[in-house]
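Quick one: structure below, then a few questions.
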Amino acid sequence: MGVGEAEPLCVYARVRPPHEGERGDLQVRRHYGRATSIVVRNLEFALDGVFEEETGQEEFYEQAARERIEWVLAGFSATLIAYGQTGSGKTHTMCGPESVMGGLSSADLSELGVIPRACRQLFNAIFHREAHTSIVVQCGYLEVYNERCRDLLGEGRNLKLREGKRGVAVDGLTFDLTPSADDVMNALWRGNAHRTVAAMKMNARSSRGHAILYVCVEELNGDAGKRMGKLTLVDLAGMESSKKSFPVEGASGHPQRREEAKHINTSLCALASVVAALSSSSGGDHVPFRDSKLTRLLRDSLSDGPSKSAVFVMLRSEARHQDETVATLRFAQRAKAVQVVVRPNAVEGDQDAQSLRGQLSSVNTELAAARSLIETLEKDLAQAESRAHPHHRAHQPGEGADVDSSSYLELVFLRGKNRQLRARTALQRFMSTMADSKLSKMSSERDEMRSRADGLEEALEDRDRRIAELETQCGRLRMSSCGSSSASLAESLRAPHSCLATPTASSFGSRPISGESVRFARRVGLGDLAASSRGMDALHSSGLLDSGLDSGLSAPTPAPPGEAVLRGREAAARLPPDADEFDHFSQ
């Protein structure tokens with residue numbers, strides 16, 4: 001599909017191997033060598049791909065996720081959603097085993113899930129980018145727990161959702177700078193420490209809320225401006241049945257587990273309603289995005305775009321889970337009918353010098369404030385360390401353990417704030433350097449354009465001066481040419497008749513010139529005299545035409561041709577120059 005065209009959501013199914021001693025009751029069908037449909041209870045569901053029990057993590061990622069990560073680097077958004085029953089393998093598919101959280105270098109690469117593989121692909125592509133391109137990667141991690149948004153990188157504090165020009169945003173969500181794939185996994189590990197999990201009958205570590213990881217890639221290019229790509233990775237909590245999934249004995253048997261299950265199922269039902277409305281053929285149905293925090297957060301991924309989205313549905317193959325499997329596949333079938341228009345994220349292009357100066361001034365102000373705050377925090381940190389020192393505690397025996405614990409907590413808090421401020425200061429310095437380089441480049445381009453404009457103005461003035469000189473020369477030549485041509489024409493007309501006598505007024509122009517007279521004059525050899533009115537008058541006055549016309553133009557003339565010509569030319573020679581005809585030729 002091309003950019004800007006509607007395309008369906010891609011939906012893939014993955015089957016978890018059955019437990020020991022149980023038999024799988026799913027049938028996978030292949031079409032043209034690919035597994036694209038699955039049969040349960042004689043119901044066939046066609047999807048974009050079906051992965052059987054023996055499918056490894058790498059094969060699943062290559063076919064279902066790799067292409068969408070490439071779109072992120074091109075300035076688009078991509079969303080990968082894991083959906084399924086409790087204990088169907090969603091977290092294993094998205095993250096992999098617990099050992100992955102300790103770092104990618106020490107983990108078994110064959111067991112890596114979608115998230116660590118996507119991070120490796122992103123940073124491998126970033127490291128091979130051009131040298132003049134700067135890329136900043138940040139990640140944020142939140143959990144939708146009991147219809148509350150919890151900031152997992154901000155010690156689990158509750159946040160609010162805000163409606164903005166670019167869609168729904170989480171107000172105050174913490175984003176950490178992550179210059180490598182290991183840093184992303186460390187952030188994920190720190191966030192998971194704040195997630196709510198419990199031991200349930202079907203899963204020893206059941207997630208009690210929906211987890212959403214945002215990986216934002218911001219590319220700064222001096223020539224092309226700024227480009228933003230965003231990867232959204234969603235690990236949904238599993239659908240739960242009170243008859244099958246219930247808390248085990250102990251701390252997990254608290255009544256809070258029932259409240260969590262109610263909110264999980266409510267949000268998943270809201271998601272199913274949104275998918276059903278979006279997949280409706282009528283297109284005019286109301287889409288209930290506001291029924292749940294989860295659906296509001298996934299709105300950009302499901303309808304408004306711009307996002308290349310895919311849904312992974314996880315299935316359990318045991319016969320006792322067929323009801324949940326059929327419900328999951330029905331959801332997948334409806335999700336496949338959802339159409340999404342994919343568009344690139346907004347790109348901030350070149351800005352004028354005034355705007356860049358304003359941004360630079362603002363950044364410098366924030367940088368000065370951050371430096372002042374860092375100095376204050378360093379002083380507070382030094383004081384806290386001195387209070388926490390054993391020698392200091394020896395002089396304050398009355399405070400005891402309370403002083404130690406409070407000082408230690410304050411010390412940890414201040415160290416964390418110090419790290420955050422240092423990272424923010426480094427980012428602001430980077431932005432200030434980019435703004436300075438942009439300003440210097442724009443100043444040099446402005447000077448070059450001014451010099452080119454001055455050169456063009458001088459060339460235009462020179463061209464106008466040359467045009468004026470050429471017009472003056474043309475006027476002089478036109479006047480001299482008209483005077484000489486008039487004099488030569490007048491002399492040529494007067495010269496043959498300058499010494500002739502003047503005839504009477506009645507003998508000039510007394511008879512009209514007819515076509516028969518002209519033809520007769522040409523037949524007798526007087527065509528040169530017949531070419532003008534003065535010559536025709538001379539022929540009439542000589543009587544030659546009268547005698548020729550009276551004989552019918554066909555009889556021979558009484559006089560010989562030589563004598564007739566002579567008589568006609570003598571009569572023409574006696575005529576004076578015709579003033580009117582001279583004026584006609586002069587004009």
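Glycine is no exception: its Cβ is also placed from the backbone N, Cα and C atoms.
Residues or ranges marked as domain 'Kinesin motor' in TrEMBL: 8-338. Annotated ATP binding site per TrEMBL: Gly84, Gln85, Thr86, Gly87, Ser88, Gly89, Lys90, Thr91, in sequence order. The region 'Disordered' feature in TrEMBL is assigned to 383-403, 437-458, 546-587. Per TrEMBL, compositional bias 'Low complexity' is recorded for 546-555.
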List the same-chain residues at least 6 positions away in sequence whose Cβ sits under 8 Å from the Cβ of Ser88 (ATP binding site), in sequence order, or say none.
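Listed in sequence order: Arg16, Gly238, Met314, Leu315, Arg316, Thr328.
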For the binding-site residues Gly84, Gly87, Gly89, work out the Cβ neighbour count at 10 Å and name the residue with the minimum.
Gly89
Just to verify: the residue among Gln85, Thr86 with the fewest other Cβ atoms within 10 Å, which of the binding-site residues is it?
Thr86
Identify, in sequence order, the residues in the chain of Lys90 (ATP binding site) that are 6 or more apart from it along the sequence and have a CB within less than 8 Å of its CB; answer 'none' if there are none.
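Listed in sequence order: Ala82, Tyr83, Gly84, Asp235, Leu236, Gly238, Phe312, Met314.
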What are the non-local neighbours of Thr91 (ATP binding site), defined as same-chain residues 6+ apart in sequence with CB under 8 A from its CB?
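Those within reach of Thr91 (ATP binding site), by Cβ under 8 Å and sequence separation of 6 or more, are Ala82, Ser207, Asp235.
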